[in-house]
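Peer 1: Just passing along the structure, written as structure tokens.
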Amino acid sequence: MARAQWLRAAVLGANDGLVSVASLMIGIGAVNENNKAMLVSGLAGLVAGACSMAIGEFVSVYAQYDIEVTQIERDGDIDGADAAAAREKLPSPTQAAFASALAFAIGGLLPLLTSGFIKPWGPRVGVVCAASSVGLAGFGAAGGYLGGANMVRSGTRVLLGGWLAMLITYAVLRLFATIFHGMNISSSA
């Protein structure tokens, strides 16, 4: 049971990394056609997202750990050896943080590595979308499998959700670029 929960969390973390980094790269691509801008924004999103996921997971798991340790200590009918064994079974906040950061980074690497070094703007954005679509469908199907749900339905749901996130990010930043056209935000300087 615990293994399935870790695997499911890893799939969700990888999906989050993929959607976040791909959406960020596509959003930057909406306002700046420079390949370096997309690459740097994707890398920044990957690092920031992995750190954020790790810190959030560490805090969350540590809070749960503290609650469970306090409960173990309150239970007077557990002797010292049983209490120590119960503590050892609790999840490690450090391991959870590392796993969360790693999962996010793995997902975020997909759009970054498949498109970050393509110079022409159109093919670069197309590769981000295509690689991300394959990853989203795969992560969704894997999540469905691990959760005992229909893999096709789960893969489709994750794919559509990812497309929606990328579309909204592109549209909002494109609108921003149109409104603030005089600010010259798409220069490569």
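Every residue, even glycine, has its Cβ placed from backbone N, Cα and C.
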Peer 1: Checking Swiss-Prot: are Ile67 and His181 on the same side of the membrane?
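Peer 2: Opposite sides, per Swiss-Prot.
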Peer 1: I'd like to know if the transmembrane segment (39-59) touches the transmembrane segment (160-180) in this structure, counting it as a touch only when three or more C-beta pairs sit under 8 Å and are separated by 6 or more positions.
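Peer 2: Checked: the transmembrane segment (160-180) vs the transmembrane segment (39-59), no contact.
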Peer 1: Would you kindly check 11-31, 39-59, 125-145 and say which stretch has the most C-beta pairs under 8 angstroms to the transmembrane segment (98-118)?
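Peer 2: The stretch I would name here is 11-31.
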Peer 1: Just to confirm my parser: what is the rounded mean pLDDT across the topological domain 'Vacuolar' (181-189)?
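Peer 2: When the pLDDT values over the topological domain 'Vacuolar' (181-189) are averaged, the result is 55.
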